[in-house]
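Peer 1: Feature list, courtesy of TrEMBL:
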ACT_SITE  A:374  active site, phosphocysteine intermediate
BINDING   A:312, A:313, A:374, A:375, A:376, A:377, A:378, A:379, A:380  substrate binding site
COMPBIAS  A:1-16  compositional bias 'Polar residues'
DOMAIN    A:343-405  domain 'Tyrosine specific protein phosphatases'
REGION    A:1-39  region 'Disordered'
REGION    A:577-601  region 'Disordered'
């Protein structure tokens, strides 16, 4: 165990930060100074001083490509390495001026989206930072400079094609749809009904496409109630939509009212339809002023409305900002727990989880269909429906199932990834940015902590998803909606993140996973059982000991050993093949090798 | 005194027992001299078998003709009994109160417990100090085993045998003992085989307001260090508190009289503040109405985690002095029976792999806590719930177990035992069928004939079938020093203990069973080649590796 031999009891040295970057899966050509992906091109490099917040100034050389910022120290042992995809950069500032005094006071300050900041000091002569500032700004914010995302230049090859993972039709078929009560409609094929919805929608059999058009007029941004998931036994469904356009005058819409009744009756339900409005009550009321609102009792006598008290994107953004303040660069030591409490981050996580539990429980134990919405139905609604589905359907707890879930409930239903993350956009203070998807992944992590055997994927899987949420190396999270992605030909011109993951699944597999079908999982959403995800939020701090799951750690060691054996076998084969004519070394496919590995040892 | 005098009502029918997380059961409640039993129907299963000594607080609430008794146990479990009949309820409550507060050691259950599978003498002499001394004497001749305390007259809280510098005679030890509070003169606590440095422990010197000196004490500490060598005294009080102690006859080693020793003050909480911290934490954990919003604030204001952090940091300091500075260390606070032992014992777990095995850890507890005279009877008389006026209760031993748990979490491979052992030790320290944690020191144990008339907990735990449950399936010997991280985010609440009866543990137990299964599967063909095992355990995951080169 390497961790036991660290020199100081509170320090883990720089080793880990160096190692982590090498596991990135990028090709490392021995004769090159920096790792490069196919399609990645070098732009510039420069001598800088990296102002490491943990270990002080580090002299090094920084290389900038069209994909990443890469720094290697020149004097330190072990070598300090920074490997940062430019996509994570949210802001670049110049610090100090040509005349500012003090050591290392002149340079660049970079704020990142992944809970860290980077600071580089440069020599205070001849506008030394001008070119590097310009290059960084250009490639970190390609959208603001009429450049393509790196995803469109990426020429990586993977054995799996991640774009094949999600096919809406086969996912609905897996759920047993369409059936005699639910039909698939192509009304939105050209995104004419709703430009932020997917092309394929599932709606009640008894509602005609004409009905849907009328309902759309009464729902914010035409996001009508559509089916997300159906319970295989109770036939109760989870529906998602946006808020009704009630407004100050308390407008009503007969078609919407009837449509909700059709939904309620679809599973032969006599009791009321449950509507979960994700917002706090007051916010829902306040939305009336801007034309929105909620389903009132008078207009919807057959519905029961509950507010789930989850705050909006601005509150979440501020909360994460506070969290970053207390963990980066230095962890608030003296009042750690009360500082953590005052960020309210875990409180928000709790509310999201609690809401999802209520949705899941209503559908499963309450045998009642539910309708979930917030304001526009693309943030909190996506959190609630996807988490409830994760609790109810064990398929979504597999690696592929989870990919399908993200692809369906988030990407296809128009969670505005481009606006929330600000891909390639220089407006760091944009009020549309918010860590809604991060919050969802945090909730999934909390669940995986409470049910260590229920998920096929491990923590690394979740962290990898978050890393590439920002990296812009894959097309998966680019743009705000399916219609824009189609226009930009994302699936043709970029690679899917799932290609990377599915080509190397063992790396993301939870070794404890024991397949269990149809068990509903309800996490305990009490504060006492929620933890801060230290290995994500504080992962840059070398003083925080990484706590790899012991079995996983051993599993990784075994995988590394196996790779080593395969490599040696390959070498042996090459030497063998060179002796035996007629057998070409290059045609030995890896899968053939695998079977030989097994019989050989 | 007869137990029957304390039992006012022996049986009550139709009692409803409820307990968080379990379905309520109705049955016949029965009080015996040491147990509370509840069986659901005549001849049926026993639903409850509670050692009455385990009861920490009894609360009764009468409503009409029936009453509810809430039993808060020392292991932090909470039970509710609904009893029909007001008089029965009052009788039961007062019987439990009386039986649980019997103070006479020899009336306690261990003196009556006679399991057929164990022999009385088993386990009591498993860890003689002589054995530990032999290990040391095989490497150095600077230490000797002294029997100066054979009749407990030199120091009533020390065991009959202690390890002292070979150069110091028994007469000098007696004189040095008079200069230390409670007679606890400096003795060897730990010999670090890696670099032959030692850790000593004692109580505070009785310097007093007149700055008294004791030549024998000075020589004792002087002979340990060679010319020019430096030693560290780790005082577990603040400099201020240590200075103030002079007013009441105590004090510290002044630089002038102990020129080779450097004093480091690392204040550790003990006594009442620690007990209150424990009670606050448990209160926060078991408050059902607690809005989630306040949880972290209350966790912090209980200060329990800061005590854990402080204890670990101080133990690290002691370990660092020995392992890195290669210096001799003396640890003491005031009496030398609480925080002193916490630091010396913890430092050994950090430094020495042999203390991290199942049996080695038991030996450490025996040597550094039980025989070293930690007053278990006083400190563990009550747990976190008691309303009784606190006398000398303080959860130092629990704090130690918590620190060990933190180590086991940070070094999941390095401890041979799992959480279960720590939980079992906590339970037994507060209420037990075994004599191991009875009394305050070896002198009392000998007077009460504990070793002759009760069973040893070690005998029970070391039966192969019990051992199996306590072992950590992931253990692999780690010869290195395990330096824990003491950052606030690295110190976690020990949920397995503090939320044991509150959180559902089913899924975590399942995961644990899965680990055990995986490890066993992995180990069965242990003699076969690595490659074989690899392909066995990983054959499911061979797909998708193609593009790795």
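Cβ from N, Cα, C; glycine included.
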Peer 1: Indicate whether residue A:378 (substrate binding site) is helix, strand or coil by DSSP.
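Peer 2: In three-state terms, residue A:378 (substrate binding site) counts as coil.
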Peer 1: Quick check: with A:312, A:313, A:374, A:375, A:376, A:377, A:378, A:379, A:380 left out, which same-chain residues have Cβ atoms within 8 Å of the centroid of the substrate site Cβ atoms?
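Peer 2: These residues sit around the substrate site: A:278, A:381.
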Peer 1: Who sits close to residue A:312 (substrate binding site): which same-chain residues at least 6 apart have their Cβ under 8 Å from its Cβ?
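Peer 2: For residue A:312 (substrate binding site), the qualifying residues are A:279, A:283, A:375, A:379, A:380.
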Peer 1: If you average the pLDDT over the domain 'Tyrosine specific protein phosphatases' (A:343-405), what number do you get?
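Peer 2: Over the domain 'Tyrosine specific protein phosphatases' (A:343-405), the predicted model scores a mean pLDDT of 96.
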Peer 1: Inside 10 Å of the Cβ of residue A:378 (substrate binding site), count up the other Cβ atoms and send me the figure.
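Peer 2: There are 25 such Cβ atoms around residue A:378 (substrate binding site).
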Peer 1: Looking at Cβ-Cβ distances, which residues of the chain lie under 8 angstroms from residue A:374 (active site, phosphocysteine intermediate) while being 6 or more apart from it?
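Peer 2: When sequence neighbours closer than 6 are ignored, residue A:374 (active site, phosphocysteine intermediate) has A:242, A:243, A:277, A:278, A:279, A:310, A:380, A:381 within Cβ distance under 8 Å.
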Peer 1: Counting every protein chain present, what is the number of Cβ atoms, excluding its own, within 10 Å of the Cβ of residue A:376 (substrate binding site)?
Peer 2: 19
Peer 1: Count the Cβ atoms, other than its own, that fall within 10 Å of the Cβ of residue A:380 (substrate binding site), considering every protein chain shown.
Peer 2: 29
Peer 1: Using DSSP and three states only, what is residue A:312 (substrate binding site)?
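Peer 2: The three-state answer is coil.
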